[in-house]
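These notes are about the structure you will find just below.
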Amino acid sequence: MPLIDGGSRITNYIVEKRESTRKAYSTVTTNCQKCSFRIPNLAEGCEYYFRVLAENEFGIGEPAETAEPVRASEAPSPPESLNIMDVTRNSVSLAWPKPEHDGGSKITGYVIEAQRKGTNQWAHITTVKTLDCVVKNLTENEEYTFQVMAVNSAGRSAPRESRPVIIKEQMMLPEFDLRGIYQKTVIAKAGDNIKIEIPVLGRPRPTVTWKKEDQILKQTQRVNYENTATATILTINECIRNDSGQYPLTAKNIVGEVSEVITVQVHDIPGPPTGPIKFDEISSDFVTFSWQPPLNDGGVPISNYVVEIRQTDSTTWTELATTVIRTIFKATRLSTGVEYQFRVKAQNRYGIGPAITSESVVANYPFKVPGPPGTPQVIAVTKETMTISWNEPVTDGGSPILGYHVERKERNSILWQTVSKMLVSGNIFKSTGLTDGIAYEFRVIAENLAGKSKPSKPSEPVFALDPIDPPGKPIPLNITRHAVTLKWTKPEYNGGFKITGYTVEKRDLPNGRWLKANFSNILETEFTVSGLTEDAAYEFRVIARNAGGAVSQPSEPSDAITCKDDIEAPKIRVDAKYKDTLVLKAGEVFRLEADVSGRPPPSMTWTKGEKELEDTAKLEIKIADFSTVLINKDSSRRDGGAYTLTATNPGGFAKHIFNVKVLDRPGPPEGPLAVSEVTAEKCVLSWLPPLDDGGAKIDHYVVEKRETSRLAWTAVATEVPLTKLKVTKLLKGNEYVFRVMAVNKYGVGLPVETSESVKVSERPLPPGKITLLDVTRNSVSLSWEKPEHDGGSRILGYIVEMQSKGSEKWSTCATVKVTEATITGLIQGEEYTFRVSAQNEKGISDPRQLGIPVVAKDLVIPPAFKLLFTTFSVLAGEDLKVDVPFVGRPKPAVFWHKDNVALKQTTRVNAESSENITVLTIKEACKEDVGAYLVKLTNSAGEATETLNIVVLDKPGPPTGPVKVDEVTADSITISWEPPKYDGGSSINNYIVEKRDTSTTTWQIVSATVARTTIKACRLKTGCEYQFRITAENRYGKSTYLTSEPISSGAITARDEVEPPHISMDPKYKDTIVVHAGESFKLEADVHGKPIPSIQWLKGDRELTNTARMEIKSTDFATSLSVKEAIRVDSGQYILLAKNVGPVEITGVTAE
């Protein structure tokens, strides 16, 4: 109720509502008697504002309104079902659908409760916002029932219960759910993305693997598969035709294994038709061509082909047909003689594939002009006529020969004349009207429907002369199964000219044609016709030709001749001089000749030893049918020996041996050339006589020598009668090669050399002075000098011997290749004598003995250093290794100290010691390594110390602060500092001082060559605050900075020099500056004053600044104002104002 009723009882209440999205209230009731009211007919889910107004007899009061909107809603309906999705031995997976009705308010979550069998109590499990939930930590083999309730702002829904479920592990054979893949086949277009998702059932969760055909599927960025909790997903991005195929997949768990095969078909446009394009028919106005279907049809049938054409002189293709079904096409309406090119593309339902292009083709008749006829032959001649014949062309061009044109010309003319008045139908023509004694040539042209052929080759020139008589009848001289040798007589009348040759013709019996049997001109009246068939019968005839070009009639044919061998065993006949050995001198020519008979003519070979001889430039072999000759030029000893001629035919064989002896220089002596009894100056050579004495007795031998360092040979002895020689006067230590040559009456033979060089040497001299290096209680160390002379041969080693005191026996105690040795195994306190011998390849030198006996006992030596210097420097970052050699017996203990503290060994700094040296190693040296290092040696004989100074060369440390301010004026500040504590091992060259106005971040160099530790920074601006920084520099670089505190250039002191501002300008600026519109002008002035004045440019009362057309430039002592493209408003008075602590100076310039 209202706190104030207006002095009159409240009669009723008015209730109003408005939707939150509207501004106007609507009345719900005007006569509410209570302080509560149920408002019906609200829109579910809408938000409303409500207000209540009280009313008494005096009127309606002020309203009371809800502060927040109220949503019209109620508790939601329960989910339709609660499904058990999965069960394990300790959990259950639940899922449910959204409620059909959310009660008008958003579902904010779901409450899950569980009830164990045997209890009436529901236990709260969890509250979730999703439509599924996994309930964990359940008791195995217990039975549970679950319920879910939806929650919104109005409350909870009624519960929805699940079926009872027993908690235990589920076991199920794997199974693929392929209902979503029709006939287990996936079809896609090339370029598309393929995603195959197959639900997988089975408990425990199966392992799924994919294959492509019979290979494990190789996963790439484009092709891969993914296994989720309930499915396996194969993804192929931007698929291509090669992705088509069988994809077997296998699911496997402990229960079993199942497999399925998914077929993927990727369809695409087809590939190019299979070429080449074949031209089946070519005519003057059409072309028929064909091709083969594409090897790749894109996965779907080819629907049609697209055929295009272009003339080869154009780049534009024109469609001839787009619906060609078959793989053959006839292109019509072509222009005769024009060259065309065609291309064909296959098309399927996915589009048109790439084209295949034909070769160029000319639209023309399907036949060509014939080829040229054969070369004409003159077959009959008189002084007025000639008859010629020719063979048909090799090709008729595809159209029958209509006839021939015959042309002739005189031999010395270049003009051909047609002598056939009409087409000659046969291939024989008689040309008349010739001039007696003139030589003529003929040629023939064939013609068909396509036109005339090229002319034939011209005939041989033939003179127009009366014919000569035919030769005599040919008579066979020799008949074999494949050849016949014929002989005939010359013509009785030669036609007035010399006979220049014959032509032999043959004819197969009984009905063969006459054919030419020779392929080169026959000059003699004898010829062998070869290439005949065994047991075949032939006739032969001969035609003569004279120098005038006249050709005779053929001779009378020979009798019938049958080709078969008339067998007669070979026989060889030689001159009587070849019965004995043929003797000649080297350089002469010898000739071996023989006549051979036999039928058929025997084949002949020359051999020497077991090698068959061949015709060469030096050895010439000539073989005719029944004779042979061997000629050897420039004979040498190697050409001597037995030459065998062998003649063979089917009747047998015959041999004859020719013996040839060539008198020559002897061969090399028989090796090896042995060297013995070698000393420092001599040696003995021995050898055997040569196997080849050159056909004459060996008179003597020549012996030569050569130093291996030279190329020239020198004679040792030139007339050695025996096969042995003692060589003297050799140079000790030199290496020699020797050679020996035999001599007979024909000259000096070839040499035999020593296989290896011979070094002339002897035993070396004894070693030089022997030095005792060290003695212990059981060992002695010796060294010695090399021998003064090594005997001419390299020292191979040294033999060390020792002798105990009281013994006369020397025993070898060491064999070494160097000039020092340590002998161990000695007896303490015993006295020993030692000696050393040198050895080379000639033997062992005399020994050199140690001057004094040695007693085996330990030496006692106080420690001592062997240092050359004690200061070491290293560049920073580099490694340093300090070797400190020392002596001392027994071995001293080594101690290192730095700055009076034992050196701490690290991986970077460490010291190692051996018998006679200690090494300090510092890696990546830095300034911490600088200092004095003390090395101490101690043994039973005493101790020794040495101080080493290590200097690390580096950039210096920063100058030592703080920066002191020694003096401040209006325009200067004097500062000072201390040198760096660490100078980097090198003297400080200079300091670099920089300043910074604290209102900026930019540092400016005051000076880079400050030699002392103080500087006065001048030309500062009064009242500005500055900061300074200083860096030290040595030869190795700059230090880090020492930075000062900010310092102000303070008030002027009595020492400050003050100069009021002063402006100086060119006198021209005292007059008005006149410029035209669009021109530019510039005002300049010099400004002076101490401290440096500040500068302002004014126009009227306004301070000028830089703009697009106006530019102001000012330095400490000058200023300028530039105006580009002046306009009227730029006229007026420009004021330059300069001011500092002194009086202000103002200068005015008027511009118009």
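If you go along the chain as it appears here, the first residue is 1 and each next one adds 1.
A Cβ is built for glycine as well, from the same backbone N, Cα and C atoms used for every other residue.
What TrEMBL records for 1-75, 78-170, 272-366, 372-467, 470-566, 668-763, 766-859, 958-1052 is domain 'Fibronectin type-III'. The domain 'Ig-like' annotation in TrEMBL covers 174-265, 570-649, 863-951, 1061-1147.
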What stretch, picked from 1-75, 272-366, 570-649, has the most CB pairs under 8 A with the domain 'Ig-like' (174-265)? 272-366
Three-state composition of the domain 'Fibronectin type-III' (272-366), taking helix and strand from DSSP: 0 helix, 53 strand, 42 coil
Taken over the domain 'Ig-like' (1061-1147), the predicted model's pLDDT averages 84
Select the range from 78-170, 272-366, 570-649, 668-763, 958-1052 that forms the most Cβ-Cβ pairs under 8 Å with the domain 'Ig-like' (863-951). 958-1052
